[in-house]
Amino acid sequence: MVPSKNRLAVSCPTEEQNLIKELVALSTTEQIRKIRELPVSFEEKKHVRLVESSKGFFSKYVTGQYFALYLSFIQKCKEDVYLWVLLCCFLPLQSIRRFGYNIKSARQTLQLWQGIMKEIGGKFGSSVLNYFVLLKWLLLFNIFSFLVNFGFITIPLLVSDLSPNVSPNVSFRGLELLTGAGYFNHTIMYYGSYSNETFRGLVDYDMQLAYFFTISVYMVLCGLVLIFSMASSFKKNYALADQASNSAWQLLCSWDFSITNEKAVNQRKNNLRIQLMESLSEKAHRERQTTSEQLKQYGIYFGSWLLSTGLAVGCGASIFFLCQYEDEVRKSTYCCRNPEAETLLVPFVVSLMNMVIPLFFSLFNKFEQYSSQRKQIYALLFRNVLLRISILGVLCYYWMNMVPQKFTCWEPIVGQALYRLVIVDFIFLMLGSLFGEFLSNVIGTRIQPRLGVPEFDVARNVLEIIYAQTLAWIGIYFSPLLPVIQILKFFILFYLKKVSLTHNCQPPRRSGRAAQMKTIFIFLLFIPFFVGAVSIVAYTAWSLTPSEHCGPFRGLNSTFSVIGEWINDVDKVSSTEWVVWIYQNVIRSEVFYFLITLIILVIIYIFWQLIQGRKELIVLLRKQIANEGKDKSFLLDKLQDLQKSCPKVNKKQKKRTTVCFARFYSKFICLQFFCCCCCFCTLPNVLFFFSTQADAQLSAPLEISPTQTRWFRFYSLASSWRKRRDAAPVAFQSRRTFPPPAP
Amino acid sequence: MGNKQTIFTAQQLDAYQDCTYFTRKEILRLFYRYRDLAPQLVPLDYTNHPDVKLPYELIGSMPELKDNPFRQRIAEVFSEDGEGNMTLDDFLDMFSVLSEMAPRDLKAYYAFKIYDFNDDDFICKSDLEKTLNKLTRNELTEDEVKMVCEKVIDEADLDNDGRLSLEDFQHMINRAPDFLSTFHIRI
């Protein structure tokens, strides 16, 4: 194997000069980025870096704004001063960069669970790793929430000595850890213990405003983070992904290089073979379905969807009736043994449903035959989401409508209900891990070896942690310190799942499209669950009357009226009238929102039209590429004919231009072509313009000018070749040689 | 983060940090991994640029690479001599490209080189057949192999020349968002 062919050698002097000139014009970080991205060997990168840094220093510091300084030093004209200037200006740059690198490596060591995630990714692949990454991300949300709540709401309360007093006849029993009531009811855990006063001290600290703004700012920040990550994930993983190239993708892109376990590698090879065979036979199978089979298929779909929806709605209704029953039992005269333990009934039933009903859904899924595996996963996910949303919806309806009428201090009651849900959900998660993974492993290896070792069900587990986080998000308003429980829960869950995974599960059989699933998960996290949680909290703040005798908003008509009162106070100070103006004319006026909605709709419509236009452009460009291929083969034939007819072609000239041009061509075309195609809207005009120019250019020896971009060069050459091909087929001397055809 | 190491000069470390995606600590850790493959061949002092090349057999026996079906091609692509014998620079370069911070275009370029068994700057049918056999342990029949390769060329070849050029390959990679995480070796 010839070594020089292995790398794209920057051996052409003009090419290297052009590269250096390009690099010198960029900023330092850009330079480093470009050097790292050069597809050349290490020696050449170091060489380029050295040449560029010495040239770059001069070009930056001699030209431009440092010219005067340099001149003044040069006028003093001592060699030492010159060197001193060099050192003084160059060294600080180096040390700054070194400092930056040190910071970066220090930051890396602080990252949580880095080693464990590498291990899991190496053994099980990136789809399983997605679960743990999501878990870590949600944990960070909770840590932030805890810090913010504790810092802005709880600490002022504790410091000002207005913390609630626990009445002496309530003592701590162990049951509080599960039910959240009793002793905890009088602590800072719940909404009811926070005061509504303004603390006078160094600064006037209004507890009402603090509570309101802390919760709302946290929710808004969460929403923004979710939107941004969803949008970037969607753009990277979904918009550009293509489903048509299934086999090509499976063969060339799907092999996971990070798997290091021999067994896992062999298993992956098996799975790939099965997948390739399936995809080859899928097409044949689809064509063979008759009408009656299709009708039967649709019948099965309809039946299973009806059953699933019925199950979800049924669960919701049963939870509602259970809540009412519990209420009646509480009110009835005969006293049950342990009224507090009875409150655990509803969370228990909810978690039990969440654990058992998805098994039915998986069963339905086995009977249905979807055309692709992805549709199967989506259907299953949708049904599970429907189930959880309906249960949560019913519970929230009950809390919003029934509870405020029955209790005087109702927010802590809701907080306690959420606390119980969170705790019991945690217990069931642990049990689920036990049954789902450990028992399946035992059954699969010892009792029924045909089933085999279970796989880690990523979709189900992800949905569980999203649901758990939703409970926390709803509960933050009613119980500001609920994130503490959530942090502990996720922390323990991480280690539990990791141990269960390594001991009980095998790597997934199908190399699924993990990146797209990640987008779906973030989308799920945001749209039904986060938006739902925020709606519940917003509804509570907007419409419901806070309880009269407890909590920071006691005595007000609604929580939101705290803003109105604050604005009234601000109005009295004359210097802040603009705040009042903004509040009354922007936030409270309906015209503003109407106008904003109208503008956003217009912008969406414009972008939509832009997308349609670009889709057409892509089709045109694809045809262009096919044309280029035909050009290439035509020219190749022509060249072969010429070579046969006149063997004494100027080989030296061909070689020199070939090496430089072919390498330069491939390097820059491949880097720029597909990245730039969507931004290029005025293609026909530019083509025409440069094709006229290119005719003149091709007659001269081929010089590569960096000013003309590679994009234009490609098209100019292409169109001029086509013209010459059509015009004068005989007397054409190709400057470009193509690799000889494969034997 | 002290400057207490004596293996490299500060300039050498800077050059490594600028030319790869690794931090100082990772570069030193990789040096020790490189040295562990052959402690008697690799000196502890690289300040005078010793010319040390480790043979392919040692590189291919690393736990990260030993089960990888493409380990030979990876070593060949990243080595200076094209035979798989790697200097420390090649070693760092290889793991830098295969790390998670390398951009997609760079990875796509090297992936193309890895799948191009006969080094002709195109992935032709024979290259695809070799790739397929490496990935399926030679368990497919000849007909099945041919069918799969034809389907792949059908799907991915845009300029209709019967083989995949770098542009075709990169176009396919652009539409496969998982590629960044699969073409990745953790070390």
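Each Cβ is built from the backbone N, Cα and C atoms, and glycine gets one as well.
TrEMBL entries are annotated by machine, without manual review.
What you are looking at is a predicted structure, and each value in this text was computed from that prediction instead of being measured.
The transmembrane segment annotation in TrEMBL covers A:137-159 (among others). Long-range neighbours of the transmembrane segment (A:137-159) within the same chain, counting only residues 6 or more positions beyond its ends whose Cβ lies under 8 Å from a Cβ of the stretch, are 112, 188, 193-195, 199, 205, 207, 210-211, 214-215, 217-218, 222, 225, 465, 469, 472, 476, 480-481, 483-484, 486-487, 490-491, 494.
The feature transmembrane segment is assigned by TrEMBL to A:209-228 (among others).
What TrEMBL records for A:298-322 (among others) is transmembrane segment.
Nonlocal intrachain contacts for the transmembrane segment (A:344-365), taken as residues 6+ away from its ends with a CB within less than 8 angstroms of a stretch CB, comprise 178-179, 304, 307-308, 311-312, 315, 318-319, 322-323, 326, 376, 379-380, 383-384, 387-388, 391, 395, 417, 420-421, 423-425, 427-428, 431-432, 460, 464, 467. Per TrEMBL, transmembrane segment is recorded for A:344-365 (among others).
What TrEMBL lists as transmembrane segment is A:377-400 (among others).
What TrEMBL lists as domain 'TMC' is A:409-515.
Marked as transmembrane segment by TrEMBL: A:420-440 (among others).
Residues 113, 116, 120, 131-132, 135-136, 138-139, 142-143, 146, 419, 422-423, 426, 429-430, 433, 437-438, 461, 465, 468-469, 472 of the same chain sit 6 or more residues outside the transmembrane segment (A:484-500) yet have a Cβ under 8 Å from a Cβ within it. As annotated by TrEMBL, transmembrane segment applies to A:484-500 (among others).
The annotation transmembrane segment is assigned in TrEMBL to A:520-542 (among others). Same-chain neighbours of the transmembrane segment (A:520-542): 130, 134, 212, 215-216, 219, 222-223, 226-227, 229-230, 233-234, 378, 381, 385, 389, 392-393, 396, 400, 462-463, 466-467, 469-470, 473-474, 476-477, 558-560, counting only residues six or more beyond its ends whose CB sits under 8 Å from a CB of the stretch.
Through the fold, the transmembrane segment (A:591-611) approaches residues 585 of its own chain, all at least 6 residues removed from its boundaries and within a Cβ separation under 8 Å. Residues or ranges marked as transmembrane segment in TrEMBL: A:591-611 (among others).
Taken from TrEMBL, the feature transmembrane segment covers A:664-690 (among others).
Stretch with the largest number of CB pairs closer than 8 A to the transmembrane segment (A:377-400), among A:209-228, A:298-322, A:420-440: A:298-322. Beyond the transmembrane segment (A:209-228), the same-chain residues lying 6 or more positions past its ends with a Cβ under 8 Å from any Cβ of the stretch are 141, 144-145, 148-149, 152-153, 156, 194, 473, 476-477, 480, 522, 525-526, 530, 534, 537, 541, 552-553, 559, 562-563, 566. Across the range of the domain 'TMC' (A:409-515), the DSSP-based residue counts are 84 helix, 2 strand, 21 coil.
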